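Enquirer: Below: one structure in structure tokens.
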Amino acid sequence: MTSSDPIANLATLIRCPSVTPAEGGALTALAAMLEPLGFTVERMIASEPGMPDIENLYARIGTEGPHLMFAGHTDVVPVGDEAAWTHAPFGAEIAGGEMFGRGAVDMKGGIACFVAAVARHIERHGPPKGSISFLITGDEEGPAVNGTVKLLEWAAARGERWDACLVGEPTNPDRLGDMIKIGRRGSVSGAITVHGVQGHAAYPHLADNAVRGVIALTDALMHPPFDAGTENFQPSNLEVTTIDIGNPATNVVPGKASASFNIRFNDTWTAETVMAEIVRRLDAAARDGKLRPGRAPVRYDIKWAERPSHVFLTRNNQLISSLSGAVEAVTGLAPKLSTTGGTSDARFIKDYCPVVEFGLVGQTMHMVDERVAVADLETLTVIYETFIARWFGDAVA
Ligand SMILES: [Zn+2]
């Protein structure tokens, strides 16, 4: 039984209902594909007080370098309105040239194709001239606490070292071959609370309206732009995500207001410098008297969300060119090297080795009727196989 058919691999994985945090049989199924190919498969269970245990998988073939890691996740988001699916979300049914199922593109499809690519590479060339490993978590769509971060730490503590990593998340907006991700913006979230003085709307001099303070502060966060973008990144952007006052009375001046925000920032900044810039803007706005003439500065405090996501850009030309060259050789499209979109587990992997991302077309991810064109599975498998050959060819040259 060979796992060189990505369609069969994906059907097997989709039929495992691995909604985070459930393993759902998906890692067991993956292990059953990898072991016959010669991989040593290990299951690592990560725990955290107050959270469900998460099963993860690490598999490696080869003992020498260079060492190529493929990273991804078998967990999937919930199906949502199951009655709205035209095909069962864990059925892997094929209709109209598409395979339906939760995880079809995000990202059991990417795993299915990479397994098939490795199987074909081994069939054609024997074991890789180096090592290939799978670093697969069951906690990417959830809190991501017991997933890739701990799996990397666990593997590194056992002496595992990698030269490059490919993450198989869906990166293509419209067509297979559109886009490779070579970095990601950083992300920081925070919440400010403005402390005023509650009072009577007819006696405002006795009160200090927190609305005036929160508007002054959020205005300063939204303008002017943080930067104009850089060579590889779009401009940084901050969005105020909520303003909460909760005052039901028209004759009461509210004494407290809060607001939350999130900034996606480029390589003009680090998490630390962008946070310092935010505080500088807030302090300046607090002293500005436009909305509160003659008053003392706005009293506010700020709370940062835990764990900012750091910005990164991969500059490893050998990795990028073996992947983009493979994409172009197979699809005829020169993929855009992009840093757009949300964060991914690549932000953790970049601390261990250069990382790029390429997978399926992402249009239906997380949606009802998530599905993948069956033809794309074969194409992605050929791209991955070409990439593997090129990367090892280049790496040992
Ligand atoms: Zn994903």
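Along the chain as shown, residues are numbered 1 onward.
Just so you know, glycine gets a Cβ as well, placed from its N, Cα and C.
Annotation source TrEMBL lists Zn(2+) 1 binding site at H73, D106, E169. For D75, the entry in TrEMBL reads active site. The feature Zn(2+) 2 binding site is assigned by TrEMBL to D106, E141, H366. Summarising the annotation, TrEMBL assigns active site, proton acceptor to E140. Marked as domain 'Peptidase M20 dimerisation' by TrEMBL: 182-288.
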Enquirer: Go through H73, H366, the listed binding-site residues, and name the one with the sparsest Cβ surroundings, counting other Cβ atoms within 10 Å.
Expert: H366
Enquirer: Out of D75, D106, E141, E169, which of these recorded positions shows the lowest number of other CB atoms within 10 Å of its CB?
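Expert: So among D75, D106, E141, E169, the recorded positions given, the one with the fewest Cβ atoms within 10 Å is E141.
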Enquirer: Given the Zn(2+) 2 site residues D106, E141, H366, which other residues of that chain have a Cβ within 8 Å of the mean position of their Cβ atoms, reported in sequence order?
Expert: V76, V77, G103, M107, M365
Enquirer: Of the recorded positions listed here (H73, D75, D106, E140), which is spatially closest to H366 (Zn(2+) 2 binding site) when Cα positions are compared?
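Expert: Minimum Cα distance from H366 (Zn(2+) 2 binding site) across H73, D75, D106, E140 lands on D106.
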Enquirer: Around the Zn(2+) 1 site formed by H73, D106, E169, list the extra residues of the same chain whose Cβ is within 8 Å of the site's Cβ centroid.
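Expert: Here the nearby residues are G72, M107, G110, E140, E141, G168, P170, S344, G359, M365.
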Enquirer: Return the average pLDDT for the domain 'Peptidase M20 dimerisation' (182-288) as a whole number.
Expert: 97
Enquirer: For E140 (active site, proton acceptor), what is the tally of other C-beta atoms lying within 10 angstroms of its C-beta?
Expert: 24
Enquirer: How does the domain 'Peptidase M20 dimerisation' (182-288) divide up by DSSP, counting helix, then strand, then coil residues?
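Expert: Taking the domain 'Peptidase M20 dimerisation' (182-288) as a whole: 33 helix, 36 strand, 38 coil.
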Enquirer: Measuring Cα to Cα, tell me the gap between E140 (active site, proton acceptor) and H73 (Zn(2+) 1 binding site) in whole angstrom.
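Expert: That separation, Cα to Cα, works out to 6 Å.
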